[in-house]
Amino acid sequence: MSARSLRLLSPLLRASPVPPSSRHALSAHHAAQRCALRTASLPSRTCARRGYSQTPDPKLNPTQQTSSGERDRAAIGVFTPKAAALFVLTGIGLYFYFRNEKEKLLEQRRKEREDQVVGRPQVGGPFSLTTHKGEPFTEKDLLGKWSLIYFGFTNCPDICPEELDKMSAAVDKLDEKYGQIVQPIFISVDPARDTVPQVARYVSEFHPRLVGLTGSYDTLKATCKAYRVYFSTPPNAQPGDDYLVDHSIFFYFMDPNGQFVDAFGKASSVEDVVARVEKEVARWEKEYGRRV
């Protein structure tokens, strides 16, 4: 075929379409070649992808050969028998430490109380008298309450009423703050004239809770001696006799254990009495956890 003929046929050859079946065959052939090339170039990736289904190599993964005991220890963490023993020993040590510290604190408080008692006068003791209601009254009736005790006599012209008024005013103020934790008491030093009815009339003029006490000469003398109270009543005095009575001008402050705390004289004011009682009640509450 001449060159001129070829030139004339070439447009026809270029315009001739490739059959669809031939195109699909070529595409499939090329795709197969590309896949083969990729597979040949990435053998390690194929092995890695299939590694999960292969039998593990003990040399590469030694942790899979641990014993059941090691797995149990791993499961419970650091709480081993040794750690448990150390924990128990630490707890026992702390228990004995705190118990020892508590005993030291109690011993210190006991010594403080002893020092306070040693520094106090020995005031108070057993006695047995009769109230203005005709009832027996002993030192045991002082227990469980704070007490203010005044020694006097019903025929006293001025000093006794003044001191009883002061004591009653202090008790009223303390009642407002604490309730009825303070017990006011009047003890007669004139047994010949201060009978039960006479004492009942006298105390009714002061505080409504004032307890009046009287008794025989011997019992009152023993009571005054225990409380270190001076009085000059004649031992053989009769109710109709005319005599003067001299006595100590104090009222005594006693704690709920019946122990002496302080004494207030004529120079002490109502505020002094209240402040002293408040201080002692606060100390008592701190030590015992209660006010009485």
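Placement of Cβ uses the backbone N, Cα and C atoms for every residue, glycine included.
Listed in TrEMBL for this protein:
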type	residues	note
REGION	47-71	region 'Disordered'
COMPBIAS	52-68	compositional bias 'Polar residues'
REGION	112-131	region 'Disordered'
DISULFID	Cys156-Cys160	disulfide bond
BINDING	Cys156, Cys160, His247	Cu cation binding site
Tertiary neighbours of His247 (Cu cation binding site) (same chain, Cβ under 8 Å, six or more apart): Phe151, Gly152, Phe153, Val189, Val229, Tyr230, Phe231, Ser232
Site of maximum Cβ density within 10 Å, from disulfide-bonded residues Cys156, Cys160: Cys160
Near-site residues: Cu cation, ref Cys156, Cys160, His247, CB cutoff 8 A to centroid: Phe151, Gly152, Phe153, Ile159, Glu163, Val189, Val245, Ile249
